[in-house]
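Below you'll find the structure, written out as structure tokens, and then a few comments.
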Amino acid sequence: MSKMAVGDMRPTDHGVVLQWRDITYSVTKKKKDGTLDTRVILNAISGDTSGGSLLALMGPSGSGKTSLLNALAFRVPKGPGAMITGAIYADGKLVETPSQMARMSAYVEQEDALFALSTVRETLMFAAQLRLSKDMPLEEKEQEVNNVIADLGLVAAADTIVGNEQIRGISGGERKRVAIGMDLLHDPRLIFMDEPTSGLDAFQALNVMTALKDLAIEKGRTIIASVHQPRSSIYALIDQLVLLSGGRLVYAGAGQGACSAHFAALGEPVPKDFNPADHFLDIISVDYRTPKLTESTMERIEKLAKGVAREEVPIIKLGLDNAPAGAGDDKGLVMGFTSSGRAEAEQNSKDASRFWIPFKLLLARTWREQTRDTATLTIKYVMQTFFSLLFGVVYLRMARDQTSIQDRTGILFFQAMNQAFGSAIGISKIIPQQLKVVSRERAARMYTPLPYYVSTFLVTLPLELIPGVVYGTVIYYMTGLREGVGHYLIFLAVMTLENFAGIGLGMCLSASFTSVEMAPQLAPAFVILFLMFSGFFLNESNVPVWLIWLREISFIRYAFQALCVNEFKGAEFSCDGSTGSCVDGDEHLERLKFDDITIGGNCGILAGMILGFNLLALGIVYYRQPKYLALEKKTQ
Ligand SMILES: Nc1ncnc2c1ncn2[C@@H]1O[C@H](COP(=O)(O)OP(=O)(O)OP(=O)(O)O)[C@@H](O)[C@H]1O
């Protein structure tokens with residue numbers, strides 16, 4: 001079979017020489033009877049590639065392409081029983097941790113996780129500002145973005161929003177190229193791609209693969225992509241091929257004629273006028289239609305796997321005459337960037353741990369994404385205006401009589417409830433909406449969770465607080481709640497604190513949910529739980545002992561109590577005898593069991609809850625950041 005010549009395995013100033021040996025990935029699970037069941041997903045896979053080439057990982061569905069790609073990129077998610085062994089060398093140096101690999105490479109995921117309401121240029125500019133050196137002037141970063149836009153054929157789409165399933169934006173192929181572009185900005189020498197053509201029509205797929213091939217040839221980069229069923233024009237672009245079947249290697253070497261010759265020698269020549277890629281996939285797939293076919297196809301795969309006869313390529317040695325500048329320096333090699341990119345990468349890794357640069361950029365992006373969603377904002381504000389006016393009209397200028405006591409209590413409860421629902425439920429979908437993009441950016445070490453969390457929280461404040469103050473004011477004066485600027489300001493302050501607490505709860509829920517769909521389903525249930533124990537539906541003293549903790553953490557309760565004390569403490573209400581017994585404000589508070597509540601005390605508790613909810617949410621964001629398996633042991 002054709003094999004990679006040792007001479008090709010030279011470190012250059014362009015692509016990384018990547019060599020992997022005996023990569024074995026297994027997942028062990030406990031069966032019901034207590035015995036252990038180990039599934040080998042990748043079985044001792046070895047291979048080599050270097051700069052200027054496009055290597056395709058191919059195989060039938062479930063053969064292990066994505067697993068191998070992830071293993072090489074150190075992107076196999078940590079999970080119970082999962083273990084990877086083997087060794088991966090970059091330019092002759094053993095790569096030991098996911099962060100070493102992350103710093104030297106780019107990984108373009110199968111799913112294009114991009115923000116829908118940012119334009120192509122804004123999306124790339126965001127990545128440029130986080131991935132290029134902070135010392136690089138803004139104009140140069142803009143120039144880099146322009147270069148990537150031109151290189152990937154995105155000039156016509158540069159100022160169009162990315163879009164998604166609901167919002168029309170750029171095409172699928174363009175979206176894929178933007179996702180690739182984001183990872184190319186820092187000029188990585190090694191690029192991993194998971195099915196770059198998936199979901200694209202034949203023409204778009206060819207465009208994307210041609211762009212990758214150009215990158216390999218013109219910039220000398222090392223590109224490794226898992227590819228599903230390539231058409232012949234795409235197959236023609238592939239320089240090297242790794243074929244897998246059931247987690248076993250059936251071919252590793254040059255593509256095109258060499259691969260065809262290898263299979264012809266094993267008795268499986270490519271039929272005339274046949275797409276070679278289709279033929280290879282056919283002969284390495286198990287046909288389960290009948291037991292006989294299953295047996296014969298498995299025998300054929302066994303024969304092909306045995307015929308791999310991979311001739312060992314030695315791991316390249318450092319310090320060769322042709323090594324790139326800095327090749328003797330461990331750090332340079334592990335960083336794996338071009339000489340110009342290396343300094344940037346070092347700088348970059350420092351930037352990633354800094355707060356302010358990512359914070360400002362994330363703040364601007366989240367603000368842009370939230371405020372450009374005009375349809376959602378319009379519906380939200382129109383509904384809030386409608387309900388505020390309706391409420392104001394129904395309770396228009398209440399008299400200060402006995403019947404108004406119940407109405408006032410109802411209005412205050414409605415306000416406390418509305419505030420909680422609006423903020424907590426609205427906010428709860430923000431993080432799941434952004435989760436995929438943020439996970440990808442976090443995996444690429446672009447920023448830490450802290451600037452992400454703080455910026456997301458801050459963006460929600462004006463969008464929630466300002467309307468809250470406006471609608472609160474409208475209702476306060478239309479309905480004729482307690483007179484006096486002091487009472488009005490306390491009303492607004494309590495409502496604002498409750499809003500903050502609701503946003504904090506929303507952020508906790510948001511950080512816990514994995515899908516946008518979960519948010520509207522589950523968030524109301526949490527708010528209703530707090531609502532039940534707010535003191536309005538259930539008298540304070542009637543809460544079952546085992547549910548007292550729910551009452552104690554109901555932020556709606558603290559807000560409602562404070563609003564009631566503000567409205568009723570020391571207040572007099574006229575009595576004409578028509579309602580039977582007459583009560584004043586203090587007696588009403590006593591009936592509600594709110595007589596020993598202080599506004600300051602409750603506001604203090606709300607402030608504590610705001611802090612608590614937000615710290616909890618931040619903790620969840622930290623806990624849920626992507627974690628990848630390291631190689632367990634090295635065989636060389
Ligand atoms: N963590 C895991 N636990 C159990 N099985 C796993 C795990 N990861 C992968 N597998 C299994 O290993 C096999 C290979 O998966 P992988 O996703 O690498 O295949 P693939 O060739 O990329 O498939 P496709 O083309 O369908 O995406 C599949 O059968 C998959 O179900």
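Placement of Cβ uses the backbone N, Cα and C atoms for every residue, glycine included.
Pulled from TrEMBL:
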type     : residues : note
DOMAIN   : 18-271   : domain 'ABC transporter'
TRANSMEM : 381-399  : transmembrane segment
TRANSMEM : 411-432  : transmembrane segment
TRANSMEM : 452-477  : transmembrane segment
TRANSMEM : 489-513  : transmembrane segment
TRANSMEM : 525-549  : transmembrane segment
TRANSMEM : 599-623  : transmembrane segment
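The highest tally of CB pairs under 8 A with the transmembrane segment (381-399), across 411-432, 452-477, 489-513, 525-549, 599-623, is held by 452-477. Non-local neighbours of the transmembrane segment (452-477) in the same chain are 358-359, 362-363, 366-367, 370-371, 377, 381, 384-385, 388-389, 391-392, 411, 415, 419, 422-423, 426-427, 430-431, 434, 438, 442, 488, 491-492, 495-496, 499-500, 503, 506-507, 614, 617-618, 621; each lies 6+ residues outside the stretch with a CB under 8 Å from one of its CB atoms. Remote same-chain residues near the transmembrane segment (489-513) are listed as 415-416, 419-432, 453, 456-457, 460-461, 464-465, 468-469, 472-473, 476, 481, 519, 522-523, 526-527, 530, 555-556, 558-559, 562-563, 566-567, 599, 602-603, 606-607, 609-610, 612-614, 616-618, 620-621, 624 (criterion: CB distance under 8 Å, separation of at least six residues from the stretch ends). In the predicted model, the domain 'ABC transporter' (18-271) shows an average pLDDT of 89.
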